[in-house]
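Working notes, beginning with the structure itself.
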Amino acid sequence: MEELEGHRGEGRLPPPPPLLPFPKVSVQVYTVPSSSTAASAAAAGGARQAVAPATRDGGDGGGRAAGVLDDPVKARIVSHPRYHRLLAAFLDCHKVGCPAEAAEEIAAAARVREARQRAAAAASRMPPAPEDPELDQFMEDYCKLLVECKEELSRPLQEAEEFLRTVESELNSINSGPPLTALISESKAGLDSSDDDEHEDGSGMEMMEAAEDEDLGIIDPRSDDKALKRHLLRKYSGYLGGLRKELSKKRKKGKLPKEARQKLLTWWELHYRWPNPSEMEKIALAESTGLEQKQINNCFINQRKRHWKPTEEMEFAVMEAYHHQSTDAAAAFYVDVDARLVGATAAAPASAVYTARPDHGVWRA
């Protein structure tokens, strides 16, 4: 800048007034047009002096505007067709990261300053400036520089906003999906399953089925990538359907209909002393409840483990009955073997020999 002032030969210019009082805002110009003439150098120096004051609206704005226009180079910059674009690009750099109210104040102050400068230029009745290709090129380059500066300042903020929107969309998709209890396999089976759990699981399945019918899945309506989510849903809908069926099967294993469970409870209360149904009783219970015998077996096994403990008398009676049953079965076996041996000996030829062993049954030699 000192070299530019030396070319002008008019002494040192007063420092430009400060910018608007917003913290951490500083814009400096590091490039000037490549020209060896004093006129182009003066135009570069005048551009810096004319742009910065345009962002401050003090009480003596009219006097400052008139002071700017006292210099013909500054007046030419203010009256240049690209001055409005230059000022807008400069203000855009200041608006990056500012609140909406602060950005509006900056724009309002700039409009007032620009209006005063143009009014002063019109009142001065200066002759139309001749064409200056170097000044035109400088204004164009300076506008491009400010636009690039604004893009560099805005890029981190845009990336941060995009990241926040992505995280918000993922959180909303998680919250709008089925409850977590619908994805956890039931640890308890049989009669201990509560009606509340059934209601929660049913609601989760209804939500998933409705999402598949609408071909939208659990999509956040506020997200910007709806098309991508629809594409992914169409691509992986088969896997999601298979997973839903697997989860449904796992839940059905541990649940019994309310009416069937009540009938089993009634039978349990009537046979509490020995709640072990026979095969005939299991068949009858299966017909009355509509359940499979395997479900009935599991139900009573779990119920006995959790809610029933035989007394000492019952254990003794069970062991005694088992002992008598085993003895009767062995006696019937030997009687049957003897009867068959007697009949076979009368009808068989002399060469046929039958032997009976208690541990191996009947053998023929």
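Positions of Cβ are set from backbone N, Cα and C atoms, glycine also.
As recorded in Swiss-Prot, the features of this protein are as follows:
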{"type": "DNA_BIND", "residues": "248-311", "note": "DNA-binding region"}
{"type": "COMPBIAS", "residues": "1-11", "note": "compositional bias 'Basic and acidic residues'"}
{"type": "DOMAIN", "residues": "227-247", "note": "domain 'ELK'"}
{"type": "REGION", "residues": "1-20", "note": "region 'Disordered'"}
### Summary
Residue counts for the DNA-binding region (248-311) under DSSP, helix then strand then coil, are 45 helix, 0 strand, 19 coil
### Message
Looking only at the domain 'ELK' (227-247), what is the model's average confidence as pLDDT?
### Response
77
### Within the domain 'ELK' (227-247), residues counted as helix, strand or coil by DSSP
21 helix, 0 strand, 0 coil
